[in-house]
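S.K.: Right, I'll just put the structure down here and ask away after.
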Amino acid sequence: MNSRLYDELMNKFKNYIDSFNTLYQLKTENEEEIKKIYKNIKTNLIDSNIFSSKEIITVISRIHKYNRRYIKSYFKLAELIHEEYHPKDIESVSSIFHDSYLEDISIDIHGEIAISKAIINDDIISFIMHTESENFDANMTLLQSPLTRNETFSYGISLLELCCFHGAVKCFKLLRTKFQLEITQNCLKYSFLGGNPDIVSECLKEQDPDEECMTYAIISHNIDFVAFLMNEYHITLNLNECIEYYNLQAFFVYLNSTKDFGTCLAVSTQYSLPELCKYLISHGADINSTDSLGSTALHNATRYNRKEIVEFLISEGADVYAINEYKETPLHIAIENNFEDLAELLISHMSYVNTANNIRRTVLHYAAVQNNKLITELLISHGADINAKDSHGETVIQCAIRFHSKEVIEILISHGLSLNEETNIDTSSPDSIELKKLKDNYFDDKSESFLRELLGI
């Protein structure tokens, strides 16, 4: 990897890369070490305003399923963040970890039988005792895969596969030598998560790696595995997976290999690094380049609510009217997600706000869905068509009725729309109220009750 580009980027974003590598490769239950990791995350990712505390807790709650032996450590780390920052919408760490922590906190982490604990800890003495018991079955299948804790699959996971998943090389070798167990494709796949080179090497003798193996190599944040699969087996690095699992180092490997600055810019905004966007543009990236879904960097920065990056991209000339394959503009995305600040920012740079997506739904339709009074008024003041219909024939006010958006309905009426005309309601005869039925039956009983209440009849 002797590349000036790669080395420059690795040096520039070292703290970010180290922080996420530490999270994905966490291998400690020591409380003091967990506190050190917390301080590192706090300094490099939260206090630096790269991510919010809520975002980091959410990331941690997703990572632990790939490293289940240390779920207690992930839980403790999330608790430390929660105790200091008290992020909104997260009442407790347990609420975001759902049932997984409570289920896995027991001695037998996989909820099956005691033998799994020996494998998890690669406790060869305990494991040998299990294998010598009268009822031991080396071909037994645990009912659940560790990656899908709350779902039951008929194939389950074998003891050998579990060894691969946890990098339990001693138990792995015992099962292979004493019981001659077959190495499956799942063994190879899980070995890239388990991270033990000896197990990976043994699995490669009997199975060929595929794209799913690369996925797990990316998740593992083991750049040697990623480079090995690229160089020895010519498996393509999936750029979207580099983004999804915050593997910035693998992202740089992709960039170094392809020199595709444009696509990298389009997808890079999830990393929440304005300096990375600036770097890519300074090296020739077209600011309106698109990803595989036709989204530009501005689309994606909006989707991930990255205001600083949105401001930068607009200042550099990003097209605020750009559409993706769904014909959505960045403004569609901002309003769909109720990102009020971003919607205001985008509108301030637009002279036309009646763009419609692939089902002819305008941004005003989405403001009605969200019952966002401020954005509705702002759009109308910028010329939004209050009579617009989508491809199903649904008007903005009908959309507002369907989603019980009272404030938006009041605004639309104040701008001249008639509730009676839009809904075919005969208000002179309260006993014979009828709602206009659209072909997709958008109006239901709740909508009728809502209208009765709204009209006071």
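Cβ from N, Cα, C; glycine included.
Here's the feature list from TrEMBL:
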type   : residues : note
DOMAIN : 179-254  : domain 'DUF3447'
REPEAT : 293-325  : repeat 'ANK'
REPEAT : 326-358  : repeat 'ANK'
REPEAT : 359-391  : repeat 'ANK'
REPEAT : 392-424  : repeat 'ANK'
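In terms of burial and nearby residues, how do these features look in this structure?
M.R.: Under 8 Å from some Cβ of the repeat 'ANK' (293-325) lie the Cβ atoms of residues 265-270, 272, 274, 277-278, 281, 287, 331, 333-334, 337, 339, 341-342, 345-346, 349-350, 352, 355, 357, all in the same chain and six or more residues away from its ends.
Distant neighbours of the repeat 'ANK' (326-358): 293-294, 296, 298-299, 301-303, 305, 307, 310-311, 314, 320, 364, 366-367, 369-370, 372, 374-375, 378-379, 382-385, 388, 390; these residues of the same chain sit at least 6 beyond its ends, with a Cβ under 8 Å from one of its Cβ atoms.
Listed by sequence, the residues of this chain that lie at least six past the ends of the repeat 'ANK' (359-391) yet keep a Cβ under 8 A from its Cβ atoms are 329, 331-332, 335-336, 338, 340, 343-344, 347, 350-353, 397, 399-400, 403-408, 411-412, 415-417.
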S.K.: Restricting to the repeat 'ANK' (392-424), report the mean pLDDT as a whole number.
M.R.: 86
